[in-house]
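Features as listed in Swiss-Prot:
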type: TRANSMEM; residues: 1-21; note: transmembrane segment
type: TRANSMEM; residues: 27-47; note: transmembrane segment
type: TRANSMEM; residues: 55-75; note: transmembrane segment
type: TRANSMEM; residues: 94-114; note: transmembrane segment
type: TRANSMEM; residues: 132-152; note: transmembrane segment
type: TRANSMEM; residues: 169-189; note: transmembrane segment
type: TRANSMEM; residues: 201-221; note: transmembrane segment
type: TRANSMEM; residues: 229-249; note: transmembrane segment
type: TRANSMEM; residues: 282-302; note: transmembrane segment
type: TRANSMEM; residues: 306-326; note: transmembrane segment
type: TRANSMEM; residues: 332-352; note: transmembrane segment
type: TRANSMEM; residues: 353-373; note: transmembrane segment
Amino acid sequence: MTYFTGFILILFAIIIKRLTPSQSKKNIVLIANAFWGILLVGYTFNEQYFVPLSATTLFFILAFLFFFSMTYILIARSGRVVFSFGTGFIESKYIYWFAGMINIISICFGIILLYNNHFSLKVMREGILDGSISGFGLGISLPLSFCCMYLARHENKKNYFYCFTLLSFLLAVLSTSKIFLILFLVYIVGINSYVSKKKLLIYGVFVFGLFALSSIILGKFSSDPEGKIISAIFDTLRVYLFSGLAAFNLYVEKNATLPENLLLYPFKEVWGTTKDIPKTDILPWINIGVWDTNVYTAFAPWYQSLGLYAAIIIGILLGFYYGIWFSFRQNLAVGFYQTFLCFPLLMLFFQEHYLLSWKMHFIYFLCAILLAMRKALEYE
């Protein structure tokens, strides 16, 4: 049944491509449905390692994607509007200088932290996770770096583009988090208005290479790497891709529990005294077959709050939000924020990056505003 559902989503993605606006460079509905179709087909071939997905779980995923897609199409086809703050007044050079300064400061702090942890990214990562090591401004420096990558590509300033691409990559590596590496790759792909099949294959190999390198450096494997390093890397990739689905399925089947009011965690300072809100966003571990996981997809906190209705309500809300943004006429600011919006949608299989990551959305939106206020060059 899982295989059939995945096949239906892939077929739906092909059909829906005909219904979405042809002028949209980033066909977000096609990406979402094709990705989930491939993911579910992949789960079928790896089901011996995980729990089988129930009909309720598959229905929830199908319903969410259907209502998201239909709402998006209705909004995006209604017309193209302009996102603008009028005539820009900030010269590009000041954006480059400001972002460059913030990036260099952030990298210096990151290197100091790495030095204090004996140049071990693994030890540094453990310190960041347990709170004994504070961050080094990645939440601001990385979006600014992506912002300048986008700007430099638009202005055809190759030296600036390569410089900020390198800075972004260094920041993503120093973060010790695969999340920031994925964000880096989303922007590398999103900057290009057209990606050939050959480039897509190269990006895929590059993604796998970064994933493997990250696992080796951090020593994070789902099976014993001793003498079987390639097998251990594939096992780790298997867990990252499919464990959230398995855990969500167990939660739907009432074989797992989550802390109450999980979606309110970012607002614990506001409602912490009136509601029972978790003190941490780290979820409980659960056995999913061969392995354990504490990742439950983005669907779990939605399902906790709204039950099966979450597929309809949140599907419509996100479809409306994405439809609005992807109905704007293409410009620098819109393209930058559209690219960011691809990230939380792709990461649904892993964890929630909307309400639980509202600060991230706010920072990237501010960067989009910064690009909107940029003074256009004479030839534009």
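Note that Cβ sites are derived from N, Cα and C of the backbone, with glycine treated the same way.
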Stretch with greatest number of CB pairs under 8 Å, the transmembrane segment (55-75) reference, 282-302, 332-352, 353-373 candidates: 282-302
The transmembrane segment (332-352) vs the transmembrane segment (94-114): 3 or more CB pairs under 8 Å: no
Same-chain Cβ contacts of the transmembrane segment (353-373) under 8 Å, 6 or more residues past its ends? 83-85, 88-90, 95, 139-140, 143-144, 146-147, 150-151, 262-263, 265-266, 281, 298, 301, 318, 331-334, 336-337, 340, 343-344, 347
Based on Cβ pairs under 8 Å, which of the stretches 27-47, 94-114, 229-249 lies most in contact with the transmembrane segment (169-189)? 94-114
In terms of Cβ proximity under 8 Å, which residues at least six beyond the ends of the transmembrane segment (229-249) contact it? 39, 42-43, 46, 49-54, 57, 178, 208, 211-212, 215-216, 220-223, 256, 286, 288-289, 291, 293-297, 299-300, 303, 349-351
